[in-house]
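Copied from Swiss-Prot, the annotated features are:
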- Cys96, His138, His142: Fe cation binding site (BINDING)
- Glu139: active site (ACT_SITE)
Amino acid sequence: MALREIIILPDKRLREISKPVTEVTTEIRKLADDMFESMYEAPGIGLAAIQIAEPVRLITMDIVRKEGDGKSDPRAFINPEIVGASSEMNVYEEGCLSIPEYYAEVERPKTVRIRYTDLDGNVKEEDADGLFATCIQHEIDHLNGVLFVDHLSKLKRAMVIRKFEKAAKRGIKYV
């Protein structure tokens, strides 16, 4: 496993649409391992491959670890897609490893049905709700070049993007 640098807004690569994974290879499994290590070190509960400058449709998540009781449930999702969503909405305060130290409430479907491939190459479908639903939607957005600030008002989004552009020009690096 290797610790990888997480790219930060305003890096244009965050707006790239990630390419599908055509085969679950040793390289994809190693990338997932690197992502878990980088995600835990950050620390975060979800990471899309594009956030470490790898434009492939791979997500790692561990929402159990957020509880802080030493438990863990690392999960990898290859080519994840939302195949159904509830009309009922939920609001969570979201943050992002690529937009450090900024949090905002985002409204998303309360439950979603996802289809994905696991690291053994098995295609699976499952229902997600609560934090799992919010996190998987947030990470799938990354694979499509969408950031959580894109769900905010134009004014709030512009303020956040401007803040990070100014910081980048001044050479301020978030860690």
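For all residues, glycine too, the Cβ spot is worked out from N, Cα and C.
Distribution of Swiss-Prot features across the structure.
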residue : record                 : Cβ neighbours (10 Å)
Cys96   : Fe cation binding site : 25
His138  : Fe cation binding site : 24
Glu139  : active site            : 23
His142  : Fe cation binding site : 25
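Note: the Fe cation site is recorded as Cys96, His138, His142; in the same chain, Gly46, Ala48, Gln51, Glu94, Leu97, Ser98, Glu139, Asp141, Leu147, Phe148 also have Cβ atoms within 8 Å of that site's Cβ centroid.
Cα of Glu139 (active site) to Cα of Cys96 (Fe cation binding site): a distance of 9 Å.
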